[in-house]
Amino acid sequence: QTSKKLVNSVAGCADDALAGLVACNPNLQLLQGHRVALRSDLDSLKGRVALLSGGGSGHEPAHAGFIGKGMLTGVIAGAVFTSPAVGSILAAIRAVAQAGTVGTLLIVKNYTGDRLNFGLAREQARAEGIPVEMVVIGDDSAFTVLKKAGRRGLCGTVLIHKVAGALAEAGVGLEEIAKQVNVVAKCWPGSWGRDLSSCSVPGSKPTFELSADEVELGLGIHGEAGVRRIKMATADEIVKLMLDHMTNTTNASHVPVQPGSSVVMMVNNLGGLSFLELGIIADATVRSLEGRGVKIARALVGTFMSALEMPGISLTLLLVDEPLLKLIDAETTAAAWPNVAAVSITGRKRSRVAPAEPQEAPDSTAAGGSASKRMALVLERVCSTLLGLEEHLNALDRAAGDGDCGTTHSRAARAIQEWLKEGPPPASPAQLLSKLSVLLLEKMGGSSGALYGLFLTAAAQPLKAKTSLPAWSAAMDAGLEAMQKYGKAAPGDRTMLDSLWAAGQELQAWKSPGADLLQVLTKAVKSAEAAAEATKNMEAGAGRASYISSARLEQPDPGAVAAAAILRAILEVLQS
């Protein structure tokens, strides 16, 4: 079965992809009649060397994403995973020559088709009197014994584009650029890939099959199978395996990295890996290299040379000294080159100390005093009430949500009980509510934990200055306001807010002079219980129950029932 691809046609997909890139990038132009993209400011390159690269499509953002000042002058694209046509390569060479450049360097990945077609175009251009040089890049470290075909060109080619581009931008001549690039390409870069499954060319089936628990190591960028398969392992284990292989001196294509070496590290997404996995691989690579005493001068992480949608990565290491780093750091306008800070990542401080919790004002009333004891009794009763209601609340919640409302409230109750064992609670109401809010946010979980946390945090504020009955009423108002502001529920939406709101309305009476604590609180509790019962006739306007299609749910809202029960528990302790 062929894979699904978002294309207009299989035959035109490479043309359409290149046209899309050019359409969205004013710095690029297409060469009419050819699958060639060029810098739109070609005339500004008079007297300088032009750099052309390319190859099969399907490796995006390579190669056209690396066209720009300080990188490539142009790119010749073939069909998917296919070498470009000789005629198009020649047309690109002629176009840059006409613009007044003093010569062209062809940067070619080491694949037979690319070598032949670029080589032929070079010979024809030279016959026309155009100075053209060609460098062939093979940075593949997969094969321990070198074959006649040599090392394949992989993601390291992008680093060569950058080095050559910086030299050309600085006005260096053709022979000198070719010489310097050859030195870098022969000595240093090494790349190795691994993937979790194959890719598929538009209109075709996947190029190879991997079973669910296998990983392919040393694969190419055209979906060709790798050099070996292993069982699925952790990111750390796979990165270690890759680096062991790439730096093993018995491997003919190894990178001579030793403790003290300075490298540019490239973690390249082969097209289908998530950003999450890419970050994990990058972290594992940095830790593994630094653990070997290698200094990471620059770290490039992203998609540089893909293999369509292949879910895998390649790692590239380039040994660098200061002059080479200057070329890597040189400015470029190429769209796909990352904005990398020109500093070494090794030896840099990667974390800062978290700010200390603000110091609390000492509790004005002695802990363990009568107020503190009363607080402890209230909390004990609230906890035992909630633990007793666990099954009932879960049953109510199963009708309207995910059936865990009782469990969530019990978790809160147990956390408060554990906290009370550590010592008497603060006697200051503001400090008590703040402490409870932190505890519930940490231990209760779910949206209930967040809502209670918000309610208590806001309610604590008016009680900082005074703890009179009007202040307690203001505390209730502040808590309700915070709940509505962030929870987006309103009275009548069939949530815990209904009970608390009804109680809050009654507690307004505390603001009148001479109001009675217990009389008003008794009315508030009855009002909260009536509101909780009334929720069974309401349509859910917020919370998880609001996603249920039935306009009427037979049972009252479990959150509202729990809130009313908490208020009842507080009243009973104060009455006794």
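Cβ coordinates are placed from backbone N, Cα and C, and glycine is handled just like the others.
The feature active site, tele-hemiaminal-histidine intermediate is assigned by TrEMBL to H222. Summarising the annotation, TrEMBL assigns substrate binding site to G56, S57, G58, H59, K109, D114. Per TrEMBL, the feature domain 'DhaK' maps to 9-337. Taken from TrEMBL, the feature domain 'DhaL' applies to 373-572. Marked as region 'Disordered' by TrEMBL: 349-368.
The average pLDDT computed over the domain 'DhaK' (9-337) stands at 88. With the fewest other C-beta atoms within 10 Å around its C-beta, G56 stands out among the binding-site residues G56, G58.
When every Cα pair among G56, S57, G58, H59, K109, D114 is compared, the largest distance found for this substrate site is 15 Å. Ranking the binding-site residues S57, K109, D114 by the number of CB atoms within 10 A of their own CB puts K109 at the top. Summarising the environment of H59 (substrate binding site), the number of other Cβ atoms within 10 Å of its Cβ, over all protein chains shown, is 29.
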